[in-house]
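Engineer: Sharing a structure below in structure tokens format, with a few things to ask.
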Amino acid sequence: MVAIKTTTTLRKPPGSCHGGASRACSRQLHQTFMTYCRGHNPSSTFLLANHSCNSRPDHRCRRRLQPLAASLGKDDLPRGTPGTQAENAAAAAAGSSSNESQAAVTTTTPQITPGALWRFSRPHTIWGTAISVVSISLLAFLQHVAAAAADAFLFNAPAPAVPWMPFAATLASALVAALLANVAIVGINQVYDVEIDRINKPELPLAAGEMSVATGKAVSIACAIVALACAAVAGTPSLLATVGASLALGFAYSVDLPFLRWKRNPTLAAACIFGVRAIAVQLGFYDHASVSLARASGWPMVPPPPAAVWFGVCFMTAFSVAIALCKDLPDTAGDAKHGVRTMSVRAGRKGVFRFAVAMLLCTYALAASVIFIAGLGGAFLPVNVVTALAHVALGAVLFLNARRVDADDDGAIKRFYMMVWKLFYAEYFLLPFVYL
């Protein structure tokens, strides 16, 4: 990335630096230098330069700036300023003569770092997307292998080879497209929420000024285009439809255009989130993996999704609604100020928090019951019992953490929200072991 350089011109009042006037000019430059060194972003570099006087005795003014090198301590200069204090002060005094007296302050913004780009991608959503795509694809792979083994047994044929390489290629294409789409969705949200994020999430790169809005928009659009291209190249209509629908819902959630900006409406906001996380991810990526493996094996038909996929759709629908509610809990200050009437703004944080926790606890209890009952009398009873107990344990973790949360404490709510995402990851680790 190329550093962006902006120059602000501070004009001297009418007059020249002859004689006594040079003292006033020197004081003005000293004040300007100190103001910019102490008042601006510590990660920027400040340089006072290009000062000159209207006449030949301008060396008098420059000579008066020499003591800046001695008068400024290390703490007066921002961190990251190249060179020593003496070099910066010397550069400040080394301006050349010109027809118009001026003091120019040149500000060089920090270069965009990999850390800023990583935080721009919202890592917790990146992990959620990656784990969910791997889990659903693995479920399709296990279903394919089981169906192939059943056919071989039924027709007394040799056991088919396990399609490891086709599965790896299928998984890679899905991951690349999904992760790029994820960056595009969370990126465009930060572009249109930059003013809100300066209140709610000042640590984000756009809100903190580490990236410009134009850069964020360019990265988001580029990721969306490449994601669609990768999905198209993969060759399955389901992957292209999944990526396209996810991008459409993500942009509708954030973009401030007529009939869009759905995040203002709690129902539409929740629909966007569970539409992607619960429906598009489960069905779309399963079908992509299943169709790709069937093509690689020369199958004329694709087996229908197993009951575990529909279990994932139902579970993640409830979970996604809870995530949609929890994510707005610490953001009430900025949302209320900018007219975003989330459920937390309308109904209050405590009530929404309790409702979200109750919804998740009921979901875990119902999931554990369904898995256990479905395993009774089946060959996979031990696996189902362990999976059901795992859901009980995750529900207990949720309950114990929720008891310690003060809904009015932003820090506690944010930590709870990130814990909910960890439970989200854990569910996808369990999903391939759900036999219904």
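A Cβ is built for glycine as well, from the same backbone N, Cα and C atoms used for every other residue.
So TrEMBL says this about it:
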- 1-10: compositional bias 'Polar residues' (COMPBIAS)
- 85-104: compositional bias 'Low complexity' (COMPBIAS)
- 1-21: region 'Disordered' (REGION)
- 71-108: region 'Disordered' (REGION)
- 126-147: transmembrane segment (TRANSMEM)
- 167-192: transmembrane segment (TRANSMEM)
- 213-234: transmembrane segment (TRANSMEM)
- 240-260: transmembrane segment (TRANSMEM)
- 267-287: transmembrane segment (TRANSMEM)
- 307-330: transmembrane segment (TRANSMEM)
- 351-373: transmembrane segment (TRANSMEM)
- 379-400: transmembrane segment (TRANSMEM)
- 416-435: transmembrane segment (TRANSMEM)
Engineer: Taking 240-260, 307-330, 351-373 as candidates, which has the most Cβ pairs under 8 Å with the transmembrane segment (267-287)?
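Structural biologist: Comparing 240-260, 307-330, 351-373 against the transmembrane segment (267-287), the winner is 307-330.
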Engineer: Let me spell it out: take the transmembrane segment (307-330), skip the flanking residues so only those 6+ beyond its ends count, and list any with a Cβ under 8 Å from a Cβ in it.
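Structural biologist: Contacts of the transmembrane segment (307-330) (Cβ under 8 Å, skipping residues fewer than 6 from its ends): 136, 139, 200, 266, 269-270, 273-274, 276-279, 281-283, 286, 342-345, 349, 352-353, 355-356, 359-360, 362-363, 367, 370-371, 374, 407, 410, 413-414, 416-417, 420-421, 423-424, 427, 431-432, 434-436.
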Engineer: Taking a Cβ cut-off under 8 Å, which residues six or more beyond the ends of the transmembrane segment (126-147) line up next to it in the same chain?
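Structural biologist: Residues 162-163, 167, 170-171, 174-175, 178-179, 182-183, 277, 281-282, 285-286, 288-290, 293-294, 297, 303, 306, 308-309, 312, 421, 424-425, 428-429, 431-432.
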Engineer: Restricting to the same chain and to residues at least six past its boundaries, which positions have a Cβ under 8 Å from a Cβ of the transmembrane segment (416-435)?
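Structural biologist: Contacts of the transmembrane segment (416-435) (Cβ under 8 Å, skipping residues fewer than 6 from its ends): 124, 127-128, 131-132, 134-136, 138-139, 142, 308, 311-312, 315-316, 319, 322-323, 326-327, 329-330, 360, 371, 374-375, 378, 380, 383-384, 386-387, 390-391, 394, 397-398, 401-402, 405.
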